[in-house]
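**Q** Can you read through this structure? Questions will come right after.
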C-alpha cells in the first residue's frame, strides 16, 4: 500500500535529511563510512517519543554496500521484537523528481550510548554490571544463532546501552548464514572480514568453515574488556594480533595446529617455539573466579572446545540472571538466498521492495485497529438508531453520550514496557566520543578486490613458496583467500 508522506529537510553533519515532517531534529549523534545518525522527536505522540534516524549513505555506489544494506534491513525485520536486539521501527526511501534515489532512512530505537563509550569513560563498573551485560549479549546471540545467522562483528561499539543497563546488539551488515552441513556452509561466501581485535583465530587461520563459535569468541573478548578496562588482544596488524593471542593462550596443541588451512601460517607458529599459557587470574587478579572460568571457556583457541552460547547461559557466573523461560529462540530460519544476486539494478529493486514490504508489515496492526474502530463506530450508530426508533424522542440520551465519552478509553492501547529490574545503572551522559582508540574498521574482502574485468595486473605477486599472499594478508583474509 503506497502512502503519501509529507517530508521536511534539515541538515545533519552538513548533509540533507529528508524525513517525515512529524519528526523534529533533537541533535546529531554520529557519522561514519556507511551512514549518518541523529536523534529526533515524534511531534504527534501523546508522550515524549524519540527515535534514532539513520541515513544510509552510498547505498547504491557499490554492489557490496547495496547488499550489505539489504542484508541489514532483512535481518532487522527478522529479529524485530527481541529485547536484546535493536528494534527497527520504520524505514523510508526518498526519491528525486527524476526517479533516482535520494536516500535510505531507518527509524530505529534510540539508545543512550554504546559499550565502547562506557568502557572508555572509565566509570566504575561492578561485577553485577559484567554479569548483566554478558548475559544480555548471550541472550541476543542465542536468538540470532537459532535463526542460523552469525553476527560476525560483535564488539563494544555494536552494543547499545541505556542508563538502566539495558543492552541491545546492533549492526548486522556483516552477518552471514550458517549451516551444520560443511558443503552448504561453504556456499555462504563472506564479503567482509570482521573487526580485527574481536576476530576469532579460526577465521585468520583458515580453518575449514566458520561456526557459531566465532561469535562466542568475540563475546569472550568483550567480557575480558569488562574485566580489564581495555581490549585483551589489541593487534596493530594481523600478525601482531595472532602473536598477542598466542602470548596469552599459549601454543595450541598439535591436533589444533594441524587443522590450520595455511601451511605458511603453520610454519610461522612452529618458528615461534613453545609459548606457555598465561593464567587469566594473572591478567585480572581482582576478577570473580567464576567470571574467569567462563572467560577461559569462551576464549578457547580451538573452536571445537569453545563453550556454546547455550552452555554459557547455564554457567554459574550468570545464574543470577539465567531463566530458560525468558531466553527465546527465533521461530524461523533466516533466508539468505538474496546473497546470490550480484546485479546492481536487481539489488536496488530488492531494497526498494524490502522498504515497501516493511512499511506494510509495521502498519498492518494499525490498519487492522482502524478497521476495528470503524466497525465499532458503525455498530454503535446502528444501536443508537434502533434505540431512537424504539424510545420516545424526549428520553434522556445520557447513555449514548456516556458511550461516546467512554469510547476513546475503550480503544486506548498501552505501549508501555514492563519495568526493568532496578538495582544498578550506568552514567550515559557526556561520554567520550569514538577516537583513535576505536577498533579498526572491518576490511573489504578479496571478493570485492578482484578486478571485475578479469585483468590480473592488480593482483599481488606470488612469493617464493608459491602462496598468493604474504603472512599478513593470509591472516587478514583467512578463508576468503581460497575464493580469490
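Just so you know, glycine gets a Cβ as well, placed from its N, Cα and C.
In case it's useful when we look at the structure, here is the feature table from Swiss-Prot:
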ACT_SITE  153  active site, proton acceptor
BINDING   29, 30, 31, 32, 33, 34, 35, 36, 37, 54  ATP binding site
COMPBIAS  383-392  compositional bias 'Low complexity'
DOMAIN    23-318  domain 'Protein kinase'
MOD_RES   190  phosphothreonine
MOD_RES   192  phosphotyrosine
REGION    383-403  region 'Disordered'
REGION    426-464  region 'Disordered'
**Q** Drop a 10 Å sphere on every Cβ of the binding-site residues 29, 33, 37 and tell me which sphere holds the fewest other Cβ atoms.
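**A** 33, out of the binding-site residues 29, 33, 37, has the fewest neighbouring Cβ atoms within 10 Å.
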**Q** Just how spread out is the ATP site if you go by the largest Cα to Cα distance in Å among 29, 30, 31, 32, 33, 34, 35, 36, 37, 54?
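**A** In whole numbers, the farthest two Cα atoms are 14 Å apart.
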**Q** Can you name the residues of this chain that are 6 or more positions from residue 35 (ATP binding site) yet have a C-beta less than 8 Å from its C-beta?
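**A** Listed in sequence order: 54, 55, 56, 57.
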**Q** Cβ within 8 angstroms of the Cβ centroid of 29, 30, 31, 32, 33, 34, 35, 36, 37, 54: which residues besides those meet this for the ATP site?
**A** 55, 57
**Q** Cβ-Cβ under 8 Å from residue 31 (ATP binding site), same chain, 6 or more residues apart: which ones?
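**A** Sequence-distant Cβ neighbours: 12, 13, 37.
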**Q** According to DSSP, which kind of secondary structure is residue 37 (ATP binding site) found in, if we only use helix, strand and coil?
**A** strand
**Q** With DSSP assignments reduced to helix, strand and coil, which class does residue 29 (ATP binding site) get?
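**A** Looking at the DSSP assignment, residue 29 (ATP binding site) belongs to a strand.
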**Q** Give the mean pLDDT for the domain 'Protein kinase' (23-318) on the 0 to 100 scale.
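**A** In the predicted model, the domain 'Protein kinase' (23-318) has a mean pLDDT of 91.
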**Q** For residue 153 (active site, proton acceptor) and residue 33 (ATP binding site), determine the Cα separation and express it in whole Å.
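**A** It is 16 Å, counting Cα to Cα.
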